[in-house]
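A.B. asks: Here Swiss-Prot flags Glu101 as active site, drawing on sequence analysis. According to Swiss-Prot, the feature Mg(2+) binding site maps to Asp6, Asp100. The domain 'UmuC' annotation in Swiss-Prot covers 2-182 and rests on sequence analysis. Summarising the annotation, Swiss-Prot assigns site 'Substrate discrimination' to Tyr11 and lists sequence analysis as the type of evidence.
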Amino acid sequence: MILHVDMDAFYASVEQRDRPELRGRPVVVGGSEGRGVVTAASYEAREYGIHSAMPGSRAIKLCPHADFVRGRLDHYASVGRAVREIFHRFTPVVQPLSLDEAFLDVSGTIRLHGSPREIGINIRETIRRELDLPASVGIAPLKFVAKIASDIGKPNGFVEVPADGVREFLDPLPVSRLWGVGKVGQTKLQRLGYRTIADLRVKDLDALKSQLGRWGEHLWNLANGIDRRQVVVDHLAKGIGHERTFAEDLSDIESLNAVVSYLSEQTARRLRRARRLASTITLKYRREDFQTFSRARKLSTPTDSTLEILQVAEELLLEMRSREPRSVRLLGISLGGLTDADAPKQLHLFGEETGENASSKVDTLSDQIATKLGKHSLYRASSHQWVDRKNTKPKN
């Protein structure tokens with residue numbers, strides 16, 4: 001069985017824990033004084049319509065009496081490591097998705113720690129007892145079902161879906177609960193008469209593929225409880241990535257370049273925070289028909305430079321577009337071949353590092369500002385179009 005454990009409003013919950021006077025109040029991390037965007041919002045703040053990626057000025061208008069606090073990303077990372085250490089007490093098979101969520105496969109530790117339900121309860125209680133933080137747990141035989149279960153249980157929830165209860169659990173849910181279905185996809189499916197997951201499950205596979213192509217096959221598999229993905233151990237240790245599925249398919253190169261710029265910044269920042277260098281850059285590219293492609297390039301020298309990562313990613317995008325000019329549903333950038341950033345480096349003989357030093361200073365300043373004001377408080381001009389669109393249509 002697989003557990004999906006997701007910390008509830010993680011950044012905001014940490015602030016409420018550390019400052020008892022904030023408990024029970026609407027707390028907004030980032031976006032203070034109307035600058036930048038909201039990084040996280042407590043559930044009390046969400047009742048006023050505030051959510052992550054919202055402009056701070058909008059959040060203030062929605063809830064003027066909210067407590068706006070500056071983000072402390074290094075502190076959140078430290079707390080996240082403590083959460084992950086608790087996960088590893090119950091199973092070595094842990095796949096972190098971010099600081100505040102992970103998949104856990106507990107199939108091999110049942111004899112040691114009890115049933116999956118007992119393990120899930122113990123994990124949640126241990127996090128509450130040792131870290132004084134709330135977490136939601138979903139348990140299911142499939143990864144995507146465990147994720148849905150934890151989402152449905154939020155906040156501070158616990159939902160278990162037995163192996164023989166997957167169909168009963170999924171059938172009444174809206175199609176938007178399926179992985180890969182955004183607002184545009186939901187509208188398209190509803191227009192075709194598919195409102196619940198059961199509507200997709202009972203549809204003939206060939207008929208669905210004729211309507212929706214490979215995307216239809218993907219949805220049919222999920223609706224019928226078919227998900228062959230395994231929990232991947234040490235996912236973040238082997239690579240760092242960032243990707244976005246678009247509310248509307250993109251086709252113009254200007255918009256795609258803006259997304260690549262945004263993804264490069266976010267991925268490079270995570271790389272530097274982890275004190276790693278990357279020697280491989282991979283661009284992931286999903287077409288409107290759900291076919292997915294990727295192109296990778298190995299670097300001669302490992303890097304953590306945003307500019308270097310961006311330049312390679314843009315070149316990979318141009319190569320991909322020349323082969324695959326159709327509209328794009330998803331773009332992603334992942335960094336692999338990671339090495340320790342603190343390890344000794346080969347020095348240049350003739351001073352070529354001057355430009356690298358300038359780029360490094362820009363990255364350091366950008367990271368410092370992001371830590372103080374939120375990750376969207378400063379970004380490259382080339383990212384502007386995507387950040388504006390993202391803030392207008394945020395992902396909750």
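Yeah, the Cβs are placed from backbone N, Cα and C, and that goes for glycine too.
Thinking about packing and proximity, how do these listed features fit into the structure?
C.D. replies: For the recorded site, Glu101 (active site), the DSSP three-state label reads strand. The Cβ neighbour count for Glu101 (active site), using a 10 Å radius and every protein chain shown, is 19.
On its own chain, Asp100 (Mg(2+) binding site) has Asp6, Met7, Phe10, Gly80, Val83 as residues at least 6 apart in sequence with a Cβ closer than 8 Å to its own Cβ.
Of all Cβ atoms in the shown protein chains, 27 besides its own fall within 10 Å of the Cβ of Tyr11 (site 'Substrate discrimination').
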A.B. asks: Whole-number Å distance between the CA of Glu101 (active site) and the CA of Tyr11 (site 'Substrate discrimination')?
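C.D. replies: Rounded to the nearest whole number, the Cα-Cα distance is 12 Å.
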A.B. asks: Would you count the other C-beta atoms found within 10 angstroms of the C-beta of Asp6 (Mg(2+) binding site) for me?
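C.D. replies: I get 21 for this one.
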